[in-house]
């Protein structure tokens, strides 16, 4: 059910350039993480409602089973069980999203739900993903940042289920990497992938790897018309 009182968020750009792009209000891509308790139905409804007022065009980014299940496998769940569990979780999000974006107040916005698998044959996406993988193999600083991001994702999952005991095997950290590699192209250049002029990827916290992607610390960089915004619900 849509909320009658307009939900309110603040959005803070990763850089001053991000803030300038956000102020244009052109396009927002809302990132949703399966298995993250932050993304309750109410929170997602509120964020979509707010974004649809703030930005002219809004789309949703949701992982597909193959990549998202990697996080569960890296958390110690059997591969078959992980895929089944991920399938159920993503179906739940898709049902909720289908309901929200089909309501009268949002239908005219033509909000799309984007999944990684939609881009399996997309040349631009595959090119960006290859650049990410090459940077991982060629740059020690980028490799370290990717591994740390993977570690933090697994740690968050284990903490959420009461299973974190202070150490995570490096092999498990590597298992979750494809999820990160699949997501980074949307951090780098959503305008190129979705055919919009400017775009802001919205999420509720900074990416640990983000600062380096914006300031030129790595072999790959964020495109000029791409921004990243940290949203906080008031």
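Glycine is no exception: its Cβ is also placed from the backbone N, Cα and C atoms.
Since the structure is predicted, the reported quantities are computational estimates derived from the model, not experimental observations.
The Cβ of residue 33 (active site, nucleophile) lies under 8 Å from the Cβ of 39, 63, each of these being in the same chain and 6 or more residues away along the sequence. Taken from Swiss-Prot, the feature active site, nucleophile covers 33.
According to Swiss-Prot, the substrate binding site annotation covers 36, 179, 180, 181, 182, 183, 203, 208, 209, on the basis of similarity to another entry. Cβ environment of residue 36 (substrate binding site): 156 lie under 8 Å away, each six or more residues apart in the same chain. Reduced to three states, the DSSP call for residue 36 (substrate binding site) is coil.
Taken from Swiss-Prot, the feature site 'Could have a critical role in the catalytic mechanism' covers 36 (among others).
Neighbours of residue 85 (site 'Could be involved in aa-tRNA binding'), defined as other CB atoms within 10 A of its CB across all chains, total 18. Per Swiss-Prot, site 'Could be involved in aa-tRNA binding' is recorded for 85 (among others), and the stated evidence type is similarity to another entry.
Residues or ranges marked as site 'Could be involved in aa-tRNA binding' by Swiss-Prot: 95 (among others). In the three-state DSSP assignment, the secondary structure recorded for residue 95 (site 'Could be involved in aa-tRNA binding') is helix.
The annotation site 'Could be involved in aa-tRNA binding' is assigned in Swiss-Prot to 179 (among others) on the grounds of similarity to another entry. For residue 179 (site 'Could be involved in aa-tRNA binding'), applying a Cβ distance below 8 Å and a minimum sequence separation of six or more within one chain yields 63, 67, 68, 70, 71, 150, 153.
Residues annotated as site 'Could have a critical role in the catalytic mechanism' in Swiss-Prot: 183 (among others). The local packing around residue 183 (site 'Could have a critical role in the catalytic mechanism'), expressed as other Cβ atoms within 10 Å of its Cβ over all shown chains, amounts to 20.
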Sequence-ordered list of residues in the chain of residue 95 (site 'Could be involved in aa-tRNA binding') that lie 6 or more positions away and have a Cβ within less than 8 Å of its Cβ, or none, is none
Of all C-alpha pairs drawn from the substrate-binding set 36, 179, 180, 181, 182, 183, 203, 208, 209, the farthest apart lie at a distance in Å of 19
Rounding to whole Å, the Cα atoms of residue 203 (substrate binding site) and residue 85 (site 'Could be involved in aa-tRNA binding') are apart by 23
Residue 209 (substrate binding site) -> DSSP, reduced to three states, gives coil
If you measure between the CA atoms of residue 85 (site 'Could be involved in aa-tRNA binding') and residue 180 (substrate binding site) and round to the nearest Å, you get 19
If you measure between the CA atoms of residue 183 (site 'Could have a critical role in the catalytic mechanism') and residue 209 (substrate binding site) and round to the nearest Å, you get 12
